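Colleague: Shown below is the structure under consideration.
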Amino acid sequence: MSDVAERVKKIVVEHLGVEEAKVTENASFIDDLGADSLDTVELVMAFEEEFGCEIPDDAAEKILTVKDAIDFIEANA
Amino acid sequence: MFDLTGKCALITGASGGIGAEIAKALHAQGATVGLTGTRVEALEKVAAEIGNERVHILPCNLSDDEALAALPKQAEEAMGSLDVLVNNAGLTRDNLAMRIKDDDWDAVLNVNLTAAFKLSKAVLRGMMKKRWGRIIGITSIVGVTGNPGQTNYAASKAGMIGYSKSLAYEVGSRGITVNCVAPGYIATAMTDELSEDVKSAMLTKIPAGRMGNPEEIAAGVVYLASNEAQYVTGQTLHINGGMAMI
Ligand SMILES: NC(=O)c1ccc[n+]([C@@H]2O[C@H](COP(=O)([O-])OP(=O)(O)OC[C@H]3O[C@@H](n4cnc5c(N)ncnc54)[C@H](OP(=O)(O)O)[C@@H]3O)[C@@H](O)[C@H]2O)c1
């Protein structure tokens, strides 16, 4: 597992208070991990800080799963 | 009660009658205050009255998009944090609806409503992280009751109540409260403009029998900003001497 993937998962676990095992790459924040829409906004904020990048709103809207987040960060951070 | 030590508050329209008192009252409870408005001299005067500690002057014309966008960051940098936002700046361009020009409509809506919302949006991020925040809008009794000659102003003030309630829903779980204070008829430059006839007619409609003063509005803001008001959100606190009982 890449370094980015590990850090993303750690943030998701901490932020949503879910078990690590549930945070698979294909897990959807809202459908599988119990996030509400405000949680997803906060997750994006946390990713921005962790990786020192800016995630524009239109990109943020497409980050629905753990994998989406990892892919975006690997491509842009 | 109502201790605001360690909190940083940005007050728009701090050069005006009500805004200056809000700034003084928040500061007196221990808050650091950021004063904004367009008249630098007036802001300096208010700052001098407050003292030289925990006061910052941040001039900004809210109808200038670029200046508006830069303000939240400037305030946060100057004060170190931004925990309380008081959207108090406001203006009137009164006229009968049939005579209102597009400019009069736009100018009032832009400053009273759009700028207030944009500032509210911009401060959310920091407040969400801290799980604490206060967004307080100074609306008006006429936003609820209407008033002839003030279609633009009433729309802007009703709009502020509307977005405040919606925002209160969105961020309620994050320790951020969003409320409004609705002054009635308060003695400031804004009401000085009214003719004696209008003034005396207004007084007959106020059970308290007098105009309010800015300190009485500021006291409501202090309450809503405090920890004690953590469970109050999405509300409009009417301070009007009984002029409207809603
Ligand atoms: N007085 C009343 O009876 C009454 C009743 C109900 C509600 N209110 C509301 O209370 C609030 C304060 O009013 P007030 O009575 O204290 O009036 P005021 O003395 O005329 O103050 C208005 C303030 O708004 C600021 N402002 C206006 N346009 C601005 C702009 N484009 N950019 C930045 N700042 C701007 C002014 O700053 P500069 O002068 O420095 O530009 C001033 O500090 C307003 O929202 C008003 O609608 C007042």
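Glycine residues also receive a Cβ, built from the backbone N, Cα and C atoms like all the rest.
Just so you know, TrEMBL annotations never went through curation; they're auto-generated.
Dumping what TrEMBL says about this protein:
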- B:7-189: domain 'Ketoreductase' (DOMAIN)
- B:THR38, B:ASN88, B:TYR153, B:ALA154, B:ALA155, B:SER156, B:LYS157, B:ILE186: NADP(+) binding site (BINDING)
- B:TYR153: active site, proton acceptor (ACT_SITE)
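Tell me what's around each of these sites.
Modeller: Secondary structure from DSSP puts B:ILE186 (NADP(+) binding site) in a beta strand. Counting only same-chain residues six or more apart in sequence, the Cβ atoms lying under 8 angstroms from the Cβ of B:ILE186 (NADP(+) binding site) belong to B:GLY17, B:ILE18, B:MET211, B:GLY212, B:ASN213, B:PRO214, B:GLU216, B:ILE217.
Sequence-distant neighbours of B:TYR153 (NADP(+) binding site) (same chain, 6+ residues apart, CB-CB distance under 8 A): B:GLY90, B:THR92, B:ARG93, B:ASP94, B:VAL108, B:ASN112, B:SER140, B:VAL142, B:ASN147.
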Colleague: If the NADP(+) binders are B:THR38, B:ASN88, B:TYR153, B:ALA154, B:ALA155, B:SER156, B:LYS157, B:ILE186 per the record, what's the largest distance between their Cα atoms, in Å?
Modeller: 23
Colleague: Select, from B:THR38, B:ASN88, B:LYS157, B:ILE186, each of the binding-site residues with a Cβ positioned under 6 A from at least one atom of ligand 1; if none does, say none.
Modeller: B:THR38, B:ASN88, B:ILE186
Colleague: 10 Å Cβ neighbour count around B:ASN88 (NADP(+) binding site)?
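Modeller: So the Cβ neighbour count for B:ASN88 (NADP(+) binding site) comes to 27.
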Colleague: Mind telling me which of the binding-site residues B:THR38, B:SER156 has the densest Cβ neighbourhood, counting other Cβ atoms within 10 Å?
Modeller: B:SER156
